[in-house]
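Swiss-Prot lists His64, Asp109, Ser203 with the feature active site, charge relay system. Taken from Swiss-Prot, the feature disulfide bond covers Cys31-Cys162, Cys49-Cys65, Cys97-Cys255, Cys141-Cys209, Cys173-Cys188, Cys199-Cys224. Residues or ranges marked as domain 'Peptidase S1' in Swiss-Prot: 25-248. The feature N-linked glycosylation site is assigned by Swiss-Prot to Asn120, with sequence analysis given as support. Per Swiss-Prot, signal peptide is recorded for 1-18, and the stated evidence type is sequence analysis.
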Amino acid sequence: MVLIRVLANLLILQLSYAQKSSELVVGGDECNINEHRSLVLVYSDGIQCGGTLINQEWMLTAAHCDGKKMKLQFGLHSKKVPNKDKQTRVPKEKFFCLSSKNNKEWDKDIMLIRLNRPVNNSKHIAPLSLPSKPPSQDTVCNIMGWGTISPTEETYPDVPHCANINILDHAVCRAIYPGLLEKSRVLCAGILEGGKDTCGGDSGGPLICNGEIQGLLSVGGDPCAQPHVPALYIKVFDYTEWIQSIITGNTAATCPP
């Protein structure tokens, strides 16, 4: 079963992306407290997601993480004992691809958020660069988030977990996800042997390759971390022109077809 990996209090909110749920990092370890400065914890109408700061006033997450009441936390590591430089913001503006709100296309699950006021760079807060080129097959990339660390139980950690996974051939995911087009603007990533994966509560979180934000978690298997069931990540490189156009003031910019 394919699930969008989102945590809604103590239950998984199932959305219309072929009934996917949000996810957390399974098979990883606690992230180094100083090595996830761009990671954002997103609370949206009771749902937990991840996100990525791309400059002091803008961030990215998945479109299916949208909600009427959103709280965005920066510089967070432990939820119970927050860093002194933790900052909280809310959205000022939100931008979507035209079709993403209809939940009909695999590759339009992206939301660009302008913060109500800029965050200040600090020891635990800094933006991540947009990609200069797409990642090649077999590139080792990093996933991270506060999602569940068990593929079968709701075991949510106090701190974010990180793991390394690989960029896989697009054909691997096409064989798993019905309706995924050959030219969909997504990345297929995971560990074919299983054991490491994003999972419930990680939706919208980053796929980081060579120090750049290459993907946003959108869709994965249920249960998480199964052999031969990688996840789908929105291919950020294909949206860089749209993102940069909006940030520079062209709010009427359209997403790539």
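Just so you know, glycine gets a Cβ as well, placed from its N, Cα and C.
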Residue among the disulfide-bonded residues Cys173, Cys255 whose Cβ has the most other Cβ atoms within 10 Å: Cys173
Pairwise Cα distance for Cys97 (disulfide bond)/Asp109 (active site, charge relay system) [Å, integer]: 8
Length of the line joining the Cα atoms of Ser203 (active site, charge relay system) and Cys162 (disulfide bond), in Å: 14
Candidates Cys49, Asp109, Cys255 (recorded positions) - the one closest to His64 (active site, charge relay system) by CA: Asp109
Top Cα neighbour of Cys49 (disulfide bond) in the set of recorded positions Asn120, Cys162, Cys173: Cys162
Per DSSP, three-state class assigned to Cys209 (disulfide bond): strand
